[in-house]
Amino acid sequence: MASGSNSLMWFRKGLRLHDNPSLEYAAKGSKFLYPFFVIDPHYMEPDPTAFSRGLDSLPEGVEHRKLCFEYDTEPYYQALDEKVKSYASVAGVEIFSPVSHTLYNPADIIQKFGCLSSRYFYQCIQEIQKSVKKHTSPPVSLLGQLLWREFFYTVAFGTPNFDQMKGNRICKQIPWKNDDELLAAWTDSRTGFPWIDAIMMQLRKWGWMHHLARHSVACFLTRWDLFVHWKKGRDVFDRLLIDSDWAINNGNWLWLSCSSFFYQYNRIYSSISFGKKYDPAGNYIRHFLPVLKHMPKEYIYEPWTAPVSVQRKARCTIGVDYPKPVVSHDSASKECRLRLGEAYALNKTLNGLQNRGTHLNMSAVYAAFRLTVYEDFSSLL
DNA sequence: CCTTGGTTGGGCTG
DNA sequence: CAGCCCAACCAAGG
């Protein structure tokens, strides 16, 4: 590109200066670089049909030779990029859009727009591991979490209708309930199961919770108790999580609902014993559900079992101050297992016709990981 | 064999 | 004897 030309740098998700090949390319040989960011309704209200101001807002008045932005595999951006390809050919603008290495990192930088490069983060982890004697390994380690990102990005991009049940060839077809009241109880922390309600409260208050907490509420909403469609929970997470990521969110809901990747539906996150294992005193529940603050720890995970005298002393009457369980756990979970068993049997007969189960193993994850050529970026440090 | 379960019962420690 | 850790078993689809 001859010097003296102008470049447009279109920031979408990756708002960062480090490891940003499109920004680097936009700056190279340009007389003027025009960075711009469009406030897109899609950011506020994820909706594939939402009106986008993306293209209408390209800065005018200046002749541009290059338009640079991060390539994005999410369907919303794929559709948008189609329009950009026609705009570019009319205007005679060169497009440069390398694959995204954006990482959503709410822990340190509270925002949604990926100020951290996954490749840079990978290098940081490598450096830290060199300096310590013992560390965990993939798949459960921090590095493992990066592998999952690459895996879900790869599968999501290669699977039509990845965010749907129907027409998604790796997704089990399961007759989920369409129960808006159960969904609302789950969303609004009114299920009567403190471990579940506390987690959903943290989601609404902080926009973030531990991933095993996410597993707990996803398991509860779908295959273990409420039998509500995983897409409904996916939408709530997508709207409320500050680190929401299309491929990872959908991938995990497919996983946790036993619709794909993982199928051992008898293996569950108990809404009572799972939290108790790590927090026997129930301090997490007390923090996010202050109404249960004075409930003795013997009852905090199952307050409906507390004698009335105990409830009165704790100033929390179940059914008045805090809801009774929205379902009877024993019969609800039994019903769920029955329905899943039937659905699985039916899916077996469908296999080969339309639905193909996907089995996950670590070698597939590593294969996806290698595609990202993280190793080439040691110079970033 | 598999990303991160639940339950039980034995054995150890204080 | 209480509290804790760990192994074994459970029930499973791809």
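Yeah, the Cβs are placed from backbone N, Cα and C, and that goes for glycine too.
Computed from a predicted structure; not experimentally measured.
The average pLDDT computed over the domain 'Photolyase/cryptochrome alpha/beta' (A:5-201) stands at 83. The annotation domain 'Photolyase/cryptochrome alpha/beta' is assigned in TrEMBL to A:5-201.
Annotation source TrEMBL lists FAD binding site at A:Gln145, A:Leu146, A:Leu147, A:Trp148, A:Arg149, A:Glu150, A:Phe151, A:Phe152, A:Asp243, A:Ser244, A:Asp245.
Annotation source TrEMBL lists site 'Electron transfer via tryptophanyl radical' at A:Trp176 (among others). A:Trp176 (site 'Electron transfer via tryptophanyl radical'): 21 other CB atoms within 10 A of its CB, across all protein chains.
Residues or ranges marked as site 'Electron transfer via tryptophanyl radical' in TrEMBL: A:Trp230 (among others). A:Trp230 (site 'Electron transfer via tryptophanyl radical') is surrounded by 25 other CB atoms, counting those within 10 A of its CB over all protein chains shown.
Per TrEMBL, site 'Electron transfer via tryptophanyl radical' is recorded for A:Trp253 (among others). Remark: A:Trp253 (site 'Electron transfer via tryptophanyl radical') has A:Ala218, A:Thr222, A:Trp230, A:Lys231, A:Gly233, A:Arg234, A:Phe237, A:Ser259 as non-local neighbours, by Cβ distance under 8 Å and separation of at least 6 in sequence. Under the DSSP three-state reduction, A:Trp253 (site 'Electron transfer via tryptophanyl radical') is assigned to helix.
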Subject >> binding-site residues: A:Asp243, A:Asp245 - member with fewest neighbouring CB atoms within 10 Å >> reply: A:Asp243
Subject >> Recorded FAD site residues A:Gln145, A:Leu146, A:Leu147, A:Trp148, A:Arg149, A:Glu150, A:Phe151, A:Phe152, A:Asp243, A:Ser244, A:Asp245, farthest C-alpha pair in Å >> reply: 17
Original post:
Cα of A:Arg149 (FAD binding site) to Cα of A:Trp176 (site 'Electron transfer via tryptophanyl radical'): how many Å, rounded?
Top reply: 27
**OP:** List the Cα distance (Å, whole number) between A:Leu147 (FAD binding site) and A:Trp176 (site 'Electron transfer via tryptophanyl radical').
**Re:** 30
**OP:** Report, in whole Å, the straight Cα-to-Cα distance of A:Trp176 (site 'Electron transfer via tryptophanyl radical') from A:Asp245 (FAD binding site).
**Re:** 24
Subject >> A:Gln145 (FAD binding site) CB neighbourhood, other CB atoms within 10 A >> reply: 16
